[in-house]
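To keep things clear, I will list the structure first and then write my remarks on it.
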Amino acid sequence: MKKIRILLIVLTSFAGFTISSLCNAQTSGKASYYSNNLHGRKMSNGERYNRDDFTCAHRSLPFGTKLKVTNTKNGRSVVVRVTDRGPFVRGRVVDLSYAAAKEIGMISSGVAYIKVERLEKETEVPYAANPNIIHVPEIEYGLAGVCYEFIPEWKENNKLEQPKKITRKRQHPTKQNQQPQKESKSKSWTNFFKKVKEGVTGLFE
């Protein structure tokens, strides 16, 4: 018995949720529109009412919800955005702005029988039917070594930019350069011996 009760509770709640969602998705009833005297009045969502905007008032739907309102008499429809709360008159579903009411041809009558359909947001679409695929060409990259070895042009530039080493040969003294040095040394020694000889002879005189 407990299992049956639990099953009945689940089915009842599911059925109620389905019925409420269907009611929110599509409803029918009467619609009226705002008076021009309300132009510039602050609405429930904080915005100012503009008679030229496609907006409406609904009692329970979240602000920003988009609705498709169709006049059942002439088949004309308009898409409006929920920005206010109302109407608080029995039997009426929405209050339309002046521009929206004019779009479906209900200005002269003031009240019209309409069908309301809730539209899904654009962000709720799970995926695009025909996605735009961008084809990117394949690019092959070489493997980088120690330096930028995968670009051969840089190798050539490095070779050109490197300064050339200049090797200087050590110059050895030639025989011509050595002869004057030897002659000067011999002259200095001869002069030294002459002075010594002269000094010695001077002692004995």
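Note: Cβ is positioned from N, Cα and C throughout, glycine not excepted.
Here's what TrEMBL has on this protein:
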- 1-25: signal peptide (SIGNAL)
- 27-115: domain 'RlpA-like protein double-psi beta-barrel' (DOMAIN)
- 161-190: region 'Disordered' (REGION)
- 174-190: compositional bias 'Polar residues' (COMPBIAS)
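Averaged across the domain 'RlpA-like protein double-psi beta-barrel' (27-115), the predicted model reaches a pLDDT of 95. Residue counts for the domain 'RlpA-like protein double-psi beta-barrel' (27-115) under DSSP, helix first, then strand, then coil, are 9 helix, 35 strand, 45 coil.
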